[in-house]
Amino acid sequence: MMEVKAAELVAALKNSNMSVDTKVAHLQCVKSDIKQKNVPEGAVPSIFESIRLAIASQHSSLSGAGFSTLGHFLKRLLIQELHHLVALQCRALYPLLVERLGDHKERIRAQAAQSFTDMWLAAPEEVEQCVLGQALVGKNPRAKEMSMIWLSNVSSSFNIGGFSSFLTIALQMTKNYGLLFRSYVSSLVACLEDADSNVRNTAKNTVIELFENASERAKSDLKRQMATHNVRKSFVNAILASIDHGTSDMDAASRPISRAEALVHRPVSRAETQASRSVSRLDTHQRPASRMELAQSSVLHTEALPPRPVSVLSSRSETHKEVTKEVIGVERPKSRLTTAKSEPNWAVVSHTGPAEELPLPSSRPASQEGEKIDALYVSSSRQVDELFRDMMPHFEGRESEDNWIRREKDVLTLRRLTHGNAPDDYSPAYLAGLKTLLDGIFKVVNSLRTTLSTIGCLLIQDIAKRCGPRIDSMVEIMMQNLIKLCSGMKKISAQNGNATVDALIENVTFTTRILQHVSGACQDKNVQLRLFAAGWLKTLIQKQSHHKSSIEHGGGLDMMEKSVKKCLADANPGVREAMRSTFWTYYRVWPNRANEILSNLDPKSRSLLEKDPANPNAHQSAPKDSGPSRKGLANGTSSLAGRSALKEAIAAQKKARLAPAKAVPPPRPESAQSALSDKHSSAPSSSKSSVRTVPTGTSLSSLSSAPVRPAAKPRRPELNRPATADPYAARRSVATDSSTRHGNQIDGSPSAAKSKSSTPSLKSVSSTGSRDRADPVGTTRDRPKRLVISKTRSHDTHTRQHSKPIPTHSRKNSNESIPRHSPLRSEFSVTPISPNSVSLETPSTPRSHLVQDHGNLIAIASPPTHIQRTPIEPDASAEDPREHAAKATPVAIFEDTTPARSDHDDIQDAAMTLTENQTPQPSKVHSDSPIVSNKRVSNQDESVPHLTTGLGFLTGVGSVVEASELPNSDAQTDQSLFADHSLPVTHQPDSVTDSSKPSGLSSSLMVAGSPIRVANNENEIVIDSKTTHVSLPHRSSPKHNVLGELTSNEPSQRANKQIRHAANKLEDEVTTPIDDHSRHRWKKVEIADRRTSISPRSKDPTKAQQMLDKGIQRIRTKTMDILGYRKLQGIIKYHDSIFTNEEKYDEMLLALLDELESSPDDKRQPLGRPLDLKTQVLLTIRLMLIHNKIYFSAYCSRALGALVLARKYYDANCHIVSGLEETADDIIALCEPAAVIDSVLDVIITEEKDDREYRSILMGVSVLTRILSRLNADKCRVPELPLDRLGQFAASKLADRQPDVRRLAVQLCVQLHGMVANEEEYWRVLGHPRENSRNLLTYYILKK
């Protein structure tokens, strides 16, 4: 019968669907049978297995019932003399019981120790090996402590009981230190120097108990072992003194009582006899302490040793404590956790003396933390309760003149009690009393009396250091009150609160709530609180440095990183300085995350951080002007030379501004200037000015991180122009010319670039550009530069997006040009001019070329050009420039349709179409052509497009062509035609100009992405009469219009919505749903792409086929640019039968998929951003899908894999992510589910678990969920689906560290439920997840 019950019990315990109460009832039923009946041998294995399952349970009721059943079961088997079965079956329980010895609950640890005690009767060697050979030498401090207590209890309890002669002999061997115990003496003595204070004190007490009656030989062996392990002196003296006094227990118990009464009560009685004498209260309170010192010196036989700097909870004078306890005869506490932090003075509460007879403390204690506190010892929990009960009335109500002194005395009494034995020997009563008085204690802490508040804070510190994790339940209310205290205005109280919070964090158990408090303090508006929080965070990192998982798994690492970033960029320098030390502590624990923070700092902050004394790599980094400061850290630059140079530049500028204006002769005619160009070029070359980018708001130097203050009177210096070029030059004042010349020589601002007139000749343009860039490249970093702050918001926006210093080119670099056969001149690499490459000059600034200086634009004066035939009124220059800009002026966009000379130029012609909003591409001067070639520079994500005031044409290869160089360009234009810099470019319908004026050009402004083909001959420009007009509408005020970023393919009429910055955390990168703003941007990209038109040559099927072959080859070699992809899209849309066979389609599609899943490369593309290039790749793939779904269906799995892999390169707010999601939806609707699921699983299973790879995992799980959702919606079950593989993957992601992955995994499991026949099969497919995961899935399945 019992065999059947045992089998049913095992089945019930293994059934995860059965409730805990039912399992406990089954176990109790079997335990009742064990207590009443003999156990058959056939039922023994089943009962042992059921007990193992019960003890391993996480439910306290079930594990407790298991321990209880084990105790009765072992006794029954020993009564039946089945020792061999016990020894055999208990081997499966040993590892579990050793683990339970280190449990955080004391009750579980005690039950595990008792189980080992019961098993010891049947298998002593195995039990001792588990307890003393494994737990005692392990890493768990609780297990060590419990194993020593078990050893002491076994040695004492069984000698009293005397169950059998065998047991008595065995224990006598242990007590006499025979062979059974001698092998564990070394491990026991090693625990005397353990890192945990509780283990040290327990080891000391255990050694004393075991060696009390030992032989001299055993004591000598003990001394030798302690010397070998270098045990601290205080422990050695206390142990030796205790085992020496333990020879006659009866004497030690009878003698010291009278001595104790004489020694303890004598000072009190003398104080009472002197009570009638009128003395000060302070004298009365201090007399008992002096008598106690005299009494102590007469009782103690050894001098007090100075305390060693050990851990917070370690004892300081254990010798005096142990000797006094034996002398007074107080019963030794049964707990081993005696960690009294006592000083040479103490008092003992007698059993009969009331609380009122205690020596009164000093009314004005010192506020120092290192003051000496007289430890107060109690002998029962009843006395602890009485002490707290007597204190309760003093803390009621508000603080007054009557109760504050009593509160002060009570708090000091609590400190003495905390330093005594109450927290260890009578911990429940002590902690319960603290909870009742906690409200009153914080009334003292928050008192306006500084002394009272100080002793309250010291009490909290003592409690934290003494009790440690035992006050975890009170930490929340303590942190709230102490942080409030730290934010107060009183410096002493705030400092005390800071020290108290630090002690609390250091000693209690770490929880996420503590980190939330610290993180909140880091972001508080109170500067003092943020300053303290930096130290708290450092303490927290140091405390948890060996337990990083407790911070990482709870989301605390992100919270900590956010706090560090916040304080490193704090407005207060003190907070920044305090957080630098904390940062390097953070760096030692999480170096990779710290490097990310360091790399995102500005140069000045990074330099100060690297120079901090706490930097562990400070000895490795030498001060350099440039280059990386150390391996693994971000590159840093020295700003010392830059600061001095900046000061010199400011002084020189001020001196020039205060200098009197000198008259200068009018500029010479153009012919004269050309003849004397060599002479005049020497002066600007010797100056320290540098020509820089026209958008003057750009941050061009890292000399100072502070904003540059604009001059008191902003000036716009004029460019020096020939007198023959401007009929109104006489109106310009002499003072203006003088200030212009001085500004050119000193500040080097872009608007003050001095150059001579540019003529159509090659030499003039080249010499002008090189003359302004005569300084070497190496001297640019430390050269002072003046930042001209513009009034428009466009400049301010642009300022925040460039932070790198701009080095200048020497003369020899100015002659560089792009080779004639470089990729820039290939079929699919025609570079359009971006809006950012045009000038933002003032209305009075002369017309100029746009020239690139190492990736930045400079203004070079151009000769007067005549574009319009409409004459200008004589007083037109005196009018407001905005009146001219208000007139809608058409802009001519030309497309060359003449036959080309080669296939090379044919495709180039076809690629020149009108597009808008291209990514910025500045220009660069070269010497062999008047056309300014393009050199690709790095792009910012939010660049601001600008307009130009120069009247040159921007060509298809990024060039500027003077209007005077064009044939028949004799029309005049208004000087201030494009004076309004904030006017956006709007797209108007195409129109054809008058054929009678083929060369009449209305403007030189080019829309980005609208190239004009220029022949290789430098004097030949082929421009067709067909034009596209873009008008400039009038705006009321240019100050309120900010030109924001427009991505490629986006129409000019953009939505006026704030740009959402890319988030750095993975939590924001949820795959579905994509935010509406990103979807809106993607729709605009697709709509703009549909407007792409093709040239007549591309309409020829034969030519189109040739272009397609060349395009495929360029995609494979990764030399295709944005315009090439648009050309391919136009060809595919126009020719329905462009793919004559499936092989050509497959070749094209595979090349596109390979390009899509490759990493974006900034350096590879000469045109546009990598994001824009990948957008065109994705649009081409979508077009291939729409063009022929039958051909595409064979590559559904390959395409989905490429989409999932490509997802990891983009943030969630990139518009291309919306395109990836929509393309995946289209493929899901077309594909076969079984093959696609395997392909997606193959991709995401191999991904690494870092932040970038999680993007692919998120999208992959989302794709799988949508596939199953589609099948469930159609109510069809596909037998070929890899359900087992899906279930295994979903179950593994239910416990992932990323919450978004867990959320999507739950959705996948819910959809998977609809594909499985029944519940049992469903849980089998998921691998029988844990109970909490099962409950969560059940909830969502039922909710569905």
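Glycine is no exception: its Cβ is also placed from the backbone N, Cα and C atoms.
Here the structure is a predicted model, which means the values were calculated and not measured.
Record features (Swiss-Prot):
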COMPBIAS  691-705  compositional bias 'Polar residues'
COMPBIAS  735-747  compositional bias 'Polar residues'
COMPBIAS  748-769  compositional bias 'Low complexity'
COMPBIAS  828-847  compositional bias 'Polar residues'
COMPBIAS  914-942  compositional bias 'Polar residues'
COMPBIAS  995-1004  compositional bias 'Low complexity'
REGION    265-292  region 'Disordered'
REGION    606-637  region 'Disordered'
REGION    651-847  region 'Disordered'
REGION    914-945  region 'Disordered'
REGION    984-1004  region 'Disordered'
REGION    1031-1054  region 'Disordered'
REPEAT    93-131  repeat 'HEAT 1'
REPEAT    508-544  repeat 'HEAT 2'
Task: Surrounding residues of the repeat 'HEAT 1' (93-131) on its own chain - C-beta under 8 Å, 6+ positions past either end - done: 48, 51-52, 55-56, 60, 63-64, 67, 70-71, 74-75, 77-78, 83, 86-87, 138, 140-143, 146-147, 149-151, 153-154, 157, 163, 167, 170, 180, 184
Task: Intrachain neighbours beyond the repeat 'HEAT 2' (508-544), with Cβ under 8 angstroms and 6 or more residues off its ends - done: 464, 468-469, 471-472, 475-476, 479-480, 483, 486-487, 494, 497-498, 501-502, 550-551, 554-556, 559-560, 562-564, 566-567, 570, 572, 574-575, 578-579, 581-582, 585-586, 589
- [ ] With DSSP as the yardstick, break the repeat 'HEAT 2' (508-544) down into helix, strand and coil residue counts.
- [x] 28 helix, 0 strand, 9 coil
Task: Overall pLDDT of the repeat 'HEAT 1' (93-131), taken as the mean - done: 87
Task: DSSP residue counts for the repeat 'HEAT 1' (93-131), split into helix, strand and coil - done: 31 helix, 0 strand, 8 coil
